[in-house]
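Only one structure is covered here, and it is reproduced in the block below.
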Amino acid sequence: MLKFLMFNLVLMSLVMNWGLVQIGLLVMCFMSLLMMNHDFYFFCGGYMMGADYLSYILIVLSIWIVMLMVFGSVAVKKTGNFYSGFLSVNLILLLILILTFSSVNYLMFYISFESSLVPMLVLILGWGYQPERIQAGTYMLFYTLFASLPLLVSLLSLYKSMGSLNMGLLPGEVGFQGTSLLWYFCSVFAFMVKLPLFMFHLWLPKAHVEAPVAGSMVLAGVLLKLGGYGLIRILGVFSEVNKMFCWMWMSLGILGGVVISLMCLRQVDMKSLIAYSSVAHMGLVLGGLIAMSGWGLNGALVVMVGHGLCSSGLFCLANMVYERLGSRSLMISKGLLNIMPNMGLWWFLLAVGNMAAPPTLNLMGEISLIISVVSWSKLIMFSVGALSFFSACYTLYMYSLSQHGLFLNSLFSCCSGKMSEYFVLLMHSVPLNIMFMKGSLVLCSL
């Protein structure tokens, strides 16, 4: 199945037609959904590649988000802004993501993990909106490279110590002859920055604000999940050392999420608010992963999928408002129900998903994460309660300020929406609100 997906990507890269690429990605989505309950393994260039249940869910999410990126970036085609290069970058990024999630070897995973930085940087620099995109790209590049180079040294030391980098052959706890603490921090730090962890998150709002809609969608929908996926794969190697520092990561994740939620309440830029909310959600995901319980791992996976769909849809909505109003400021884009009434339903559905209200997928994941975190320590329930409360506060703040109030008279001529935009928003909302009925997603064994 993975070979079929890669062959389709190569075929689409040779035929750079916008409509054919859209149809090809749509077919890939439904083919991958049909084969979701099967594991696949094969050899690629001497390295074993494969996909278990965890990998396959994130591969399907990657294909889904990249398909919606192409459907949501019609403005690139209309302006003729080198759209064949735009399609090429997106397809290369999708190929790298499939290789990352299907890697069974840690070294191959590291190479694919780092390679995803290059297409994302090209998207920001090539199709960004403002001159500040150069600074945003530099922030993202140096934050990621600074954190990931120690990971490479750690993997090489792991290979020297154990003689293998295969994920299935390493024991539950490796001995580095007294230097386990050093290699633990070197291995984990790269994924903490990619997640991103509070205090190392400054690159994310800058990258989101300056990136085009496709860049924001894939960054929030998939690339942040690389950090969570990497933690799931690497923490089993350092299980004993992780218990010693669980309190530190848990505090940074949960308390940092509360601080970021308070920062969201003072944002006036739509994309900046949605970007900061991603940091708050990923803080709770980090808490569940670090606890290393079944509830935490399953809840983290569900929240990563739900947040990928919800956050990507919100960025798509923010871009639709920006294309019509020429501004992302909540002070200008007030009273959108009067100007774009048909978009009110999508704003409501995605805002409900962002605050983890029923019946969205995020609710199931956050319940599992809260059970995991509170079972680790009863004292942290106050911080978790504050995080959930302020999450609802900034989401309601964004929804009420953008949809209600007085609108500018010069904005009354804006059209409500187009069929392609409704399709993109429908493809974000339906899985987010329907997938909760498949309980096996929550009860899956990792």
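In case you wondered, yes, glycine gets a Cβ from its N, Cα and C as well.
What TrEMBL lists as domain 'NADH:ubiquinone oxidoreductase chain 4 N-terminal' is 1-100. Per-residue confidence over the domain 'NADH:ubiquinone oxidoreductase chain 4 N-terminal' (1-100) averages out at a pLDDT of 76.
The transmembrane segment annotation in TrEMBL covers 53-75 (among others). Residues 2, 5, 18, 21-22, 25-26, 28-29, 32-33, 36, 39, 86-87, 90-91, 93-94, 97-98, 101-102, 212-214, 217-218, 221-222, 225, 229, 232, 301, 304-305, 308-309, 312, 316, 319, 323, 420-421, 423-424, 427-428, 431, 441, 444-446 of the same chain sit 6 or more residues outside the transmembrane segment (53-75) yet have a Cβ under 8 Å from a Cβ within it.
According to TrEMBL, the feature transmembrane segment maps to 82-101 (among others).
Per TrEMBL, the feature domain 'NADH:quinone oxidoreductase/Mrp antiporter transmembrane' maps to 104-387.
The transmembrane segment feature in TrEMBL is assigned to 107-129 (among others).
Per TrEMBL, transmembrane segment is recorded for 141-161 (among others).
Summarising the annotation, TrEMBL assigns transmembrane segment to 181-204 (among others).
Under the heading transmembrane segment, TrEMBL lists 216-235 (among others). Tertiary neighbourhood of the transmembrane segment (216-235): same-chain residues 54-55, 58, 61-62, 65-66, 68-69, 72, 90, 93, 97, 100-101, 106, 109, 113, 116, 120, 123, 167, 187-188, 190-196, 204, 207-208, 242, 271, 274-275, 278, 282, 285-286, 289-290, 292, 297, 300, 304, 307-309, 311-312, 315-316, 319, 446, selected by CB-CB distance under 8 Å and a gap of 6+ residues from either end.
Here the transmembrane segment (247-266) has Cβ contacts under 8 Å with residues 192, 197-199, 201, 273, 276-277, 279-287, 290-291, 373, 376-377, 380, 383-384, 386-387, 390-391, 393-394, 397 of the same chain, all six or more residues outside its ends. The transmembrane segment annotation in TrEMBL covers 247-266 (among others).
According to TrEMBL, the transmembrane segment annotation covers 273-295 (among others).
Cβ atoms under 8 Å from those of the transmembrane segment (301-322) belong to residues 54, 57-58, 61, 64-65, 68, 72, 208, 212-213, 216-218, 220-222, 224-225, 228-229, 270-271, 274, 277-278, 281-282, 284-285, 288, 328, 333, 336, 340, 343, 346-347, 350-351, 353-354, 360-362, 364-366, 368-369, 402, 417, 421, 424-425, 428-429, 431-432, 435, 441-442, 444, 446 of the same chain, restricted to positions at least 6 beyond its ends. Under the heading transmembrane segment, TrEMBL lists 301-322 (among others).
TrEMBL lists 343-360 (among others) with the feature transmembrane segment.
Sequence-distant contacts of the transmembrane segment (380-401) (same chain, six or more residues past either end, CB-CB distance under 8 Å): 250, 254-255, 257-258, 261-262, 264-265, 267, 270, 273-274, 277, 280-281, 283-284, 287, 330, 334, 347-348, 351, 354-357, 366, 370, 373-374. Residues annotated as transmembrane segment in TrEMBL: 380-401 (among others).
What TrEMBL records for 422-443 (among others) is transmembrane segment.
Tertiary neighbourhood of the transmembrane segment (107-129): same-chain residues 47, 49, 76, 81-82, 85-86, 89-90, 92-93, 96-97, 99-100, 136-137, 140-141, 144-145, 148, 151-152, 155, 159, 165, 167, 190, 194, 207, 210-212, 214-215, 218-219, 223, 226, 230, 233, selected by CB-CB distance under 8 Å and a gap of 6+ residues from either end.
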